[in-house]
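Visitor: The active site, charge relay system feature in Swiss-Prot is assigned to Tyr117, Glu157; the stated evidence is similarity to another entry. Sequence annotations record features per position, and here Swiss-Prot assigns FAD binding site to Tyr211, Arg228, Gln229, Tyr230, Ser231, Met450, Phe451, Gly452, Pro453. Residues or ranges marked as NADP(+) binding site in Swiss-Prot: Gly320, Ile321, Gly322, Gln323, Thr324, Pro325. Taken from Swiss-Prot, the feature domain 'Globin' applies to 2-158. For 172-279, the entry in Swiss-Prot reads domain 'FAD-binding FR-type', with the evidence type sequence analysis.
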Amino acid sequence: MPLSEDTIKAVEATADLVAAQGLDFTRAFYERMLTRNEELKDVFNLSHQRDLRQPKALLDSLVAYARSIRKINELHELQEQGLPVPAERLAELQGFFAVAERIAHKHASVGIQPAQYQIVGAHLLATIEERVTADKAILAAWSKAYDFLAHLFVRREEEIYTETESSEGGWRQTRSFRVEEKAQITERIFRFRLVPAEKGTAVALHKPGQYLAVFVRDPRLSPHRQIRQYSITSAPNHTYYEIAVHRDKQATVSGYLHDHVAVGDLLKLAPPYGDFFLEYREPGGQAADGQPSPEPLALHGGAVNFAAERMTPIVLISGGIGQTPLLSILRFLAEKEGQAAIRPIFWIHAAHDSRARAFKAEVDAIKVTDLPGLRTTTFLSEVDETMDKKGEDYDFAGRISLDRVPGLAELEADGANPHYFFVGPAGFMVAVEQQLKAWSVPEDRIHFEMFGPFKPLQ
């Protein structure tokens, strides 16, 4: 049901009050909820609670919803009545719906259920009452507004669950997989090949760029179940998935996978999810995974069908472990287009040093045997002049600069309309986006993945 004018006005009037509370509001909300409903500690990433990434993401999303609630309600009314939605109205809300789609996929990956929205809503309203206002009319308005939003998420997440479950090799919630291969590829990165525990059964095709959620329960790690998402590095296939797991000082689950998971062990996995992927619809309107393609409301390249637009350049830009989802895209393009590829394809990678280049040999091999037109450029923050050879181990020393990538600025200036896919550490991603904006690249050609809770790059 659409929201009433009174409800909309009440929420709009208090949006700034919630924003003014800042992280104190969302920290209080999470503390209240996770204390009273400890079972949710099996769902939420507690590391993101400690570093405040999740509270910050929730605050930003909640305030954005409250400030956009009128336009969202109007759009919903048009859709419910089967009326056409003006393009300018969609454009106004593109950012909000992109974030919502990203959240819906993340929720699906951890198995969020409708009943959990009721728990979240109860604690959200209690936190508003404790920290913002006890006015009954305003609380009632927020309750209706939350129910409205929860309904949209529940409906979208059920669509995601159903689509995945109904595909060949698909499933819902979790499924057991066996570690078929485990290999160390750098000092801090292990590669895992995962196959179904039930021998001979198929796995769902992922969209190149998506991730898997790994579910771990081990008292050596935590008294609570831990869930982490890892980008799939393999090309879509019905036999196996590959992930590359990077270990850093704060990575508890990644460290567990490095130290305690061996070949033959079983892991629980959710199906592939994620709104960051290369859209590649074959003739007949089907996506690469055989499923109907979604409406292009998320940042996934949906505005361009790269199967049909064979000349559209693709630029893959990564920093550090951010190359993992882009490797899946590159492998996919190598299989789909191979030596017949006529589009320009760029692989641009920034690493700390040459020892951290996890997939150099594979990318070089793809360039030689599969995509001879692939244009590779490497930036190293630190160069060892006694060991690193320019033109072989790296191309440029220092931070990434797209202006220095041979042929890229000219391609953009010539109106070839490249699409840019980039992933990496936060500072790297801000720098890349700033460089693209300096070239006046429109948002519909900029696609990025954010590891962890979503936040704007600006």
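In case you wondered, yes, glycine gets a Cβ from its N, Cα and C as well.
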Visitor: Around Gly322 (NADP(+) binding site), which of the listed recorded positions (Tyr117, Glu157, Tyr211, Gln229, Ser231, Phe451) come within 10 Å, judging by Cα atoms?
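Guide: Neighbours among recorded positions, in sequence order: Ser231, Phe451.
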Visitor: What does the structure give for the C-alpha distance between Phe451 (FAD binding site) and Ile321 (NADP(+) binding site)? Integer Å is fine.
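Guide: Each residue's Cα considered, Phe451 (FAD binding site) and Ile321 (NADP(+) binding site) end up 10 Å apart.
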Visitor: Out of Tyr117, Tyr211, give me whichever of these recorded positions has the highest number of other Cβ atoms within 10 Å.
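Guide: Per the Cβ count, the most surrounded site is Tyr211.
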Visitor: Quick one: which residues besides Gly320, Ile321, Gly322, Gln323, Thr324, Pro325 have a Cβ within 8 Å of the NADP(+) site's Cβ centroid, in sequence order?
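Guide: Residues close to the NADP(+) site, other than Gly320, Ile321, Gly322, Gln323, Thr324, Pro325: Ser231, Ala244, His246, Ser318, Gly319, Leu326, Leu327, Val423, Gly424.
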Visitor: For Thr324 (NADP(+) binding site) and Ser231 (FAD binding site), what Cα-Cα distance in Å is obtained after rounding to a whole number?
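Guide: Thr324 (NADP(+) binding site) and Ser231 (FAD binding site) have their Cα atoms 6 Å apart.
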Visitor: Here's one to test understanding: among the recorded positions Tyr117, Glu157, Gly320, Ile321, Pro325, whose C-alpha is closest in space to the C-alpha of Tyr211 (FAD binding site)?
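Guide: Closest by Cα distance to Tyr211 (FAD binding site) among the recorded positions Tyr117, Glu157, Gly320, Ile321, Pro325: Pro325.
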Visitor: Cβ-Cβ under 8 Å from Gln323 (NADP(+) binding site), same chain, 6 or more residues apart: which ones?
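Guide: Correct list: His349, Ala358, Phe359, Val423.
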Visitor: Taking just the CA atoms, what is the gap between Pro325 (NADP(+) binding site) and Tyr117 (active site, charge relay system) in Å?
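Guide: Taking the Cα atoms only, Pro325 (NADP(+) binding site) lies 30 Å from Tyr117 (active site, charge relay system).
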Visitor: Using only C-alpha positions, which one of Tyr117, Gln229, Ser231, Gly320, Ile321 is spatially nearest Glu157 (active site, charge relay system)? These are the recorded positions in the record.
Guide: Tyr117
Visitor: Let me know the model's mean pLDDT on the domain 'FAD-binding FR-type' (172-279).
Guide: 95
Visitor: Using all protein chains in view, find how many other C-beta atoms are within 10 Å of the C-beta of Gly322 (NADP(+) binding site).
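Guide: For Gly322 (NADP(+) binding site), the 10 Å Cβ neighbour count is 22.
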Visitor: To the nearest whole angstrom, state the Cα distance for the pair Ser231 (FAD binding site) and Gly320 (NADP(+) binding site).
Guide: 13
Visitor: Could you check which of the recorded positions Tyr117, Gly320, Ile321 is the closest Cα neighbour of Gln229 (FAD binding site)?
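Guide: Nearest listed residue in space: Ile321.
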Visitor: Measuring Cα to Cα, how many Å separate Gly320 (NADP(+) binding site) from Tyr117 (active site, charge relay system)?
Guide: 36
